[in-house]
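Among the features that TrEMBL reports, [4Fe-4S] cluster 1 binding site is placed at Cys92, Cys97, Cys103. Residues annotated as [4Fe-4S] cluster 2 binding site in TrEMBL: Cys128, Cys132, Cys135.
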Amino acid sequence: MISNRLSSPSTLIRCYSSTRIKEGPGLEDFLAAGGNASDAVKRHEDKLKLEKGDKRLRLPPWLKKEQVFASENDNVKRLKKQLGKLKLSTVCQEARCPNLGECWGGGGEGVRDESIATATIMLMGDTCTRGCRFCSVKTSRAPPPLDPLEPEKTAEAIASWGVGYVVLTSVDRDDLPDGGAAHLARCVHQLKEKKPELLVECLLPDFAGNLENVQLLARSGLDVYAHNVETVEGLTKWVRDPRAKYRQSLAVLKHAKSSNPRLLTKTSIMLGLGETDEEIRQTLRDLREHEVDVVTFGQYMQPTKRHLLVREWVTPEKLVGDSNY
C-alpha cells in the first residue's frame with residue numbers, strides 16, 4: 001500500500017507502532033520479495049489482466065506470503081478472548097486477514113511483550129446495511145440494535161493495548177436516523193477521555209451525505225478523518241452499493257476538513273477493478289480539489305466467489321509509479 005500526501009497539514013501526525021512493525025519490512029522488501037520482483041513479474045506478465053473467457057486470475061508471486069505465525073501466540077489469544085468478552089468486532093477478524101498474527105502478536109516469538117502493533121476495531125456491530133460488491137462484511141436491512149455500552153468497552157480495550165495510534169471503523173447503519181453518528185462520536189469521546197494522548201483515526205461512512213453528521217464526527221476529537229472513495233468515478237456504480245456515490249464521498253471529505261481544518265483527511269482507492277491510469281489521475285485531481293491530505297492505494301482482492309473478479313494484478317513497480325501521480 002502506497003501513501004500519497006496531497007497537501008501539507010498544519011498538524012503532523014506521528015505513526016506509533018510496536019518495534020516489530022516499525023523496524024519491519026518496508027517498500028524495498030516488498031519490491032524484492034521472493035527474490036527479484038521484476039523477474040517474478042516477467043514470469044507472470046501474461047496473467048496480469050483478466051481476458052475474455054478467463055474465469056479468474058491466479059495469485060501473482062509478489063502477493064504470496066509465507067505464514068510467519070503458524071500458531072497463535074499468547075498475545076493473539078489474549079486479545080481474541082478480551083474482544084469476545086466485550087463483544088467487540090474487528091476488521092482483522094471479519095476480513096480474515098492473514099496478517100492478524102503479525103499485528104496482534106506483539107514482540108513476536110520468544111519475546112514477552114503484551115503490547116500490539118495495531119488492530120482496527122469495527123464499531124456498531126458486524127452487520128452492514130449496504131452490500132458493496134467488493135466487501136465480505138455481513139449485510140442486513142435491519143441489523144441488531146447498537147450496544148449502548150460499546151463506547152466504554154472500546155475505550156477499556158484499547159487503553160489496555162499499549163498503543164499510541166488506533167484505527168476505528170464502522171459498518172454503515174442506514175437504518176438509524178443519524179447513521180450512528182452520535183454513537184461513533186461517543187466512542188471517540190470515551191477513548192480520548194480514557195487516554196488523551198492517543199491518536200485516533202476513524203474510517204467513517206458517508207452518513208447518506210448528511211453534512212451535520214460529518215461535522216459532528218470531525219469535531220469529536222479524532223485526529224484523522226478517513227472516508228474511502230474506494231474506486232474511480234466511472235466504476236463506482238458497479239463496485240459500491242447504489243447509495244454510495246462518488247461525488248457524495250468527495251463532499252463528505254471536503255466538509256470534514258472545512259469543519260475542522262486541523263484534521264488530516266484520508267481516503268483509499270482499490271486498484272485492479274478495471275480502472276485506467278487516466279481515471280486514477282482524475283480521481284487524484286478530484287481529491288486534491290477537495291482538500292484531501294492522504295491517499296492510499298491497495299490491490300483489490302476478491303474475498304469470495306460471489307464478489308467482483310480481480311481484473312488486474314497491479315505490479316509493485318506500477319504501485320511505485322502511482323505514488324508519483
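The count begins at 1 with the first shown residue.
Glycine residues also receive a Cβ, built from the backbone N, Cα and C atoms like all the rest.
Those TrEMBL annotations? Automatic predictions, nothing curated.
The structure, with features from TrEMBL marked on it.
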residue: Cys97; record: [4Fe-4S] cluster 1 binding site; contacts (Cβ under 8 Å, 6+ apart): Val91, Cys103
residue: Cys128; record: [4Fe-4S] cluster 2 binding site; contacts (Cβ under 8 Å, 6+ apart): Cys135, Val137, Lys138, Thr139, Ser140, Pro143, Val171, Asp172, Arg173
residue: Cys132; record: [4Fe-4S] cluster 2 binding site; contacts (Cβ under 8 Å, 6+ apart): Glu230, Val239, Arg240, Asp241, Ala244
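Cβ-based neighbour count (10 Å, all protein chains) for Cys135 ([4Fe-4S] cluster 2 binding site) stands at 20. Apart from the site residues Cys128, Cys132, Cys135, the chain places the Cβ of Arg130, Gly131, Phe134, Ser136, Val137, Thr139, Val171, Asp172, Asp241 no farther than 8 Å from the centroid of the site's Cβ atoms, the recorded [4Fe-4S] cluster 2 location. Within 10 Å of the Cβ of Cys103 ([4Fe-4S] cluster 1 binding site) there are 20 other Cβ atoms, across all protein chains.
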